[in-house]
Amino acid sequence: MIRHLITTKDFTKDEIEDLFDDAQKFLNEPTPHLLKNKLIITIFFENSTRTRSSFEVAAKRLGAEVVSLDVSKSSTKKGETLFDTAANLNAMEPHAIVVRHKSAGVPYILSKYVSCSLINGGDGAHAHPTQALLDLFTLKQHFKAVEGKKIAIVGDIKNSRVANSNIELLQRFGMKVILVAPPHFLPKTDLPISYDLHAIINEVDAIMSLRTQTERHKYPIYASLRDYGNDFCITKDLIKDKDLIILHPGPVHRNIDISDEVLTDPRCKVLEQVKNGVAVRMAVLKKLIMHG
């Protein structure tokens, strides 16, 4: 049966633990070319540095062929519908397609038009499942057991697909989540919230800082990003010598999301997230293509 990864809910807890076992092996051992002669197509309708390159490196390390569709030169710019694009890509008989789109729901809809696994590389402010998976993997790598650990998600939560996916996944694995942001960056939620980062810093084991999604704002909310950073930047003065770790999905707005000093602090796991992202995406590709 063909399976897709549209949201984190598409995999059970047991399946995710198995994924993480594979990801750890990929980090520790030479990678066998498990996907030799397999074809993976990436099509990103929104800009991406980390996610796209991470999927492509993951596929190539597994021995797969990768075709990246340049949307700026594709037929969608000439009036071809998304569904025609999906049908044409599907006719090339790929084994998986990775899609990113600015509109929520597009990967789910496209999955109905293809006969291979479709992976959501991010859709609007809806979901980014592989980012949440690599974030959880990074947290488990550090804490071993994450159940009962408390994480603050800080920043533009309302517009963040990363936050949406992490809120679902981290809670499913027993983590406590608190949302920290100015009121206009918070979604309607039953989760605990705070408008003051300093007020909750002593009660959390981890902080996930998010980028301000200015491209998704209908009008300027802050006079400048610097004003936002004055209240919500993760600084050395904030974290002092506390026993916690810091995550960020990237790209980081330096000295607005996280200070230069904290980015070089060993408690900041941003580069580990990038490294882990390749291994986790390798595990996802292996699972969907080889096992369904």
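Glycine too: its Cβ is placed from the backbone N, Cα and C atoms.
The shown structure was predicted, so the numbers you read here are calculated from the model rather than taken from an experiment.
Together with Arg50, Thr51, His128, Gln131, Gly250, Pro251, the carbamoyl phosphate site in Swiss-Prot holds one more listed residue from Arg100, Arg172, Arg226, which is Arg100. Of the listed binding-site residues Thr51, Gln131, the Cβ environment within 10 Å is emptiest of other Cβ atoms at Thr51. Of all the binding-site residues listed (Arg50, His128, Arg161, Arg211), His128 sits in the most crowded Cβ setting, with the most other Cβ atoms within 10 Å. Cα to Cα, Gly250 (carbamoyl phosphate binding site) and Arg211 (L-aspartate binding site) are separated by 7 Å. Counted within 10 Å of its Cβ, the other Cβ atoms near Pro251 (carbamoyl phosphate binding site) come to 12, all protein chains included.
Taking the Cα atom of each, Arg161 (L-aspartate binding site) and Thr51 (carbamoyl phosphate binding site) are about 13 angstrom apart.
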